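Novice: To start, I am sharing the structure in question, which I have written as structure tokens.
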Amino acid sequence: MNQQSNSFLDGLNNEQSNAVNHFEGPLLVVAGAGSGKTRALTHRIAHLITEYKVDPSEILAVTFTNKAAREMKERLELLLAKRIAKYQLDQPWSSVSLVEQNQFRTRIYREVTKDLWIGTFHALFSKLLRFDIEKFVDKEGLKWTKYFSIYDETDAQSLIKEIIIQDMNLDPKRFEPKKVRWAISNAKNQGILPDQFTQSAEGQRGKLIAQVYSLYRKALAANNALDFDDLLLLPVQLLKQNEQVRSYWHNRFKHLLVDEYQDTNWTQYELIKLLVTNGINPSFFSSWSKRSVFVVGDADQSIYSFRAADFRILMGFQEDFKNKNSLQGLSNVVKLEENYRSTSTILDAANSLISNNKERLDKVLKATRGEGELIKLTRCDDEISEAEAVVHRLRLLEAHNKDLKWGDIAILYRTNAQSRVIEESLVRWNIPYIVVGGLRFYDRREVKDILAYLRLLINPSDSVSLLRILNVPKRGIGKTTVQRFSDASSQLGIPLWEVVSDPEAIRSLGGRSAKGLLKFKELIDDLRLSLNNTEPSQLIQLVMEKSGYISELIATATDEAEERRRNLQELVNASLQYQEENEAADLEGFLATAALASDADKKDTAHDRITLMTLHSSKGLEFPIVCLVGLEQGLFPSYRSLDDPASLEEERRLCYVGLTRAKERLFLFHATERRIWGGMREPAVSSIFLSEIPSELIEGDIQLAGGAALRRERRMDRLTRVDRREDQLNSSGISKNLPTNAVRRKYSGPAPGVSWEVGNKVLHSAFGEGEVTHIFGSGEKISIAIKFVGMGPKILDPRLAPIQPIKDN
DNA sequence: CCGAATTTAATTTTT
DNA sequence: TTAAATTCGG
């Protein structure tokens, strides 16, 4: 291959090269885990621009997260900057000065990446809606303006709850807002509108939900707001309805690239079709000249069906988009099956596991690397022991490998709630970590409050935001007053803001709350004066100060208030960063970014921290070392999937995703008892997935390297425990497939219920080895005195102190 | 009529 | 353990 002219094909294997080199027509890239698909995507974009002279503004690339979008832009920038450096200076990138490197990158940003549309479906189509939403009118006459608010799941649910109770007089216990919201969301993600939903609704309950749907949509329009699903559904409606708009975007975006295609839903699929074929049935579409649709995915990694994703869309791609122009024998599918990431041991385990799924295209990941180490399985007594076992493992790894960075390690779990126990252990042992996911930064109460002010400023129809902040900080406006006004608002059919800000209405109230309302109205009017000539970051500060929010936090003077204040400072920083990254930074844009940001998006340049996250958030990432915890029936796989084969297969895919994140080492953990919430201990049976990994690939946690200090075993009541577990396993019917050499060990962290005796040897994370000399009190009020080697005795609370018992031998 | 205090219910995964 | 719902005091 000619190195000079085709640098973006360099170093690629045949299949990758075929993918990157693809120009016109549809192409499906079936990309197994770790097969270099991100590379194929970025290289293809670079290739399209440099070799096929495609204008960057004609490219639309869909990623699964904002983070992936940002990374793709960065990689692309680097790729292209290196290329022009080579042309202009004929120097390898590493010998180009930093100043010049930055000049090249800036130039690439101006000429290329700025014009590229790269982002999630939601981000891209909310951007499209900012342009064209005012050209859309719903069949029922519903309209929106470009200042629309984006409602998150909480906002959406509270609106639905309002409708269920106020408008429909239904019992929210029987019609749980959450479930109703879910049903509506599902409909929206399949492109079903209220009228069609009503027609196909079954039973009284179905009919009522259909009615909620219809009212909900009207309410959204009245608030000039869209939920996440609308960000996709409205563009579909708009593009179907308005030929001019459709043609414009069809002609603009000549090349579509979609990553993680297995996790698209029918609405997203519809969007792709509309843009690619301009509304023509794809089977009859033939104008592929200088146009392409390029999708990348792996059906085995489809893990978002709860969000209405359907991997049959991926499976149907070749049928949907037949390339009539392609030469005979030229297939429109490329398969990337060579895995460059993991050891063959890890791949064998993953392949074996996933082969238990019925519904899949046959595909096997081929290893390109060595065998590596065996997978280690550790069985623990409960979730606290499990956390301690994980930490113990990490400390061993650290002790044995000087080059190890904490950033090389990920701890993965099924549910966010599992992180807490692990965090506690990590804190005890002073290991730095970062939790990805869970509550988003933008979901914090104080942040949402300030954002609600901003939303109300630009979108006066937004009653949900208004209700949120009307009495925050406290202005003496109580429940009854609010109720009165929102009744008036819905009866008169005018936005709540107009009622609340009407001096007549306020005066009619008299006395107490009138004062607060008037103050509020003046505040909003005042802030609106700054709206058009103030940048987002300054506006945020204005809101925080003038609303009295900050002074209230200062007055409160608790640690919690201090934390909130820091978060708000962080919000200002986020807006400053947004302004830096976007030339035309406006408040609408910032609010959209905030609404669509996920916690997984935040930059984690932390090479010195262990990453904790759910299996879902780990999609697309890789780590040299992966610990997967909580492998128990009912937890992983989730109890909701146990009696549904299709869901169980999805859980298995999730497990497959987890295993294939690991490059070098994989550690699996499960407990035999687990507290669900608070205190109830429940027996746990090991996950069926463990029995689906060949036992010769797994070894039990026998070896206890790391010296006598870490060699410990609590013999007490161990035998009885083992017996009990054995019975459990036998009755569960899966024990025979379990790898039998998993050694049962107890990792006694400072768990309640650990019995301490004088003479016990312990290891403390800071003080080292010691021996228990006294025990004071018992039960909840226990404390123990420990004499540490080389220092005096310390009195500690064994339930809090970072100590572990050591077996004395 | 407002705001604080107490009780009660709830945990899958996320744009 | 936490967040929301309900009750109670001013």
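All residue numbers here begin at 1 and follow the chain in the order shown.
From the backbone N, Cα and C atoms, a Cβ is placed for every residue, glycine too.
Bear in mind that TrEMBL entries carry predicted annotations, made automatically and left uncurated.
Taken from TrEMBL, the feature ATP binding site covers A:Ala31, A:Gly32, A:Ala33, A:Gly34, A:Ser35, A:Gly36, A:Lys37, A:Thr38. Look at TrEMBL and you will find A:554-588 tagged as coiled coil. What TrEMBL records for A:10-343 is domain 'UvrD-like helicase ATP-binding'. Marked as domain 'UvrD-like helicase C-terminal' by TrEMBL: A:344-620.
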Novice: Under an 8 Å Cβ to Cβ limit, what residues of the same chain, 6 or more beyond the ends of the coiled coil (A:554-588), are close to it?
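Specialist: Sequence-remote neighbours of the coiled coil (A:554-588) are 114, 130, 146-147, 441, 444-447, 450, 454, 457-458, 531, 535-537, 539-541, 544, 594.
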Novice: Mean pLDDT for the coiled coil (A:554-588), rounded to an integer?
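Specialist: Reported value for the coiled coil (A:554-588) is a mean pLDDT of 87.
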Novice: Do you know which of the binding-site residues A:Ser35, A:Thr38 has the most other C-beta atoms within 10 angstroms of its C-beta?
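Specialist: Answer returned by the neighbour count: A:Ser35.
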Novice: Test of understanding: give the count of other CB atoms lying within 10 angstroms of the CB of A:Gly34 (ATP binding site).
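Specialist: For A:Gly34 (ATP binding site), the count of other Cβ atoms within 10 Å is 24.
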Novice: Validating a neighbour-count step here. Other CB atoms within 10 A of the CB of A:Ala31 (ATP binding site): how many?
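Specialist: Looking across every protein chain shown, the total is 28.
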Novice: Give the sequence-ordered set of same-chain residues, not counting A:Ala31, A:Gly32, A:Ala33, A:Gly34, A:Ser35, A:Gly36, A:Lys37, A:Thr38, with Cβ within 8 Å of the centre of the Cβ atoms defining the ATP site.
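Specialist: In sequence order, the nearby non-listed residues are A:Ala40, A:Asp298, A:Leu336, A:Asn339, A:Tyr340, A:Arg341.
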Novice: Where does A:Lys37 (ATP binding site) sit in DSSP terms: helix, strand, or coil?
Specialist: helix
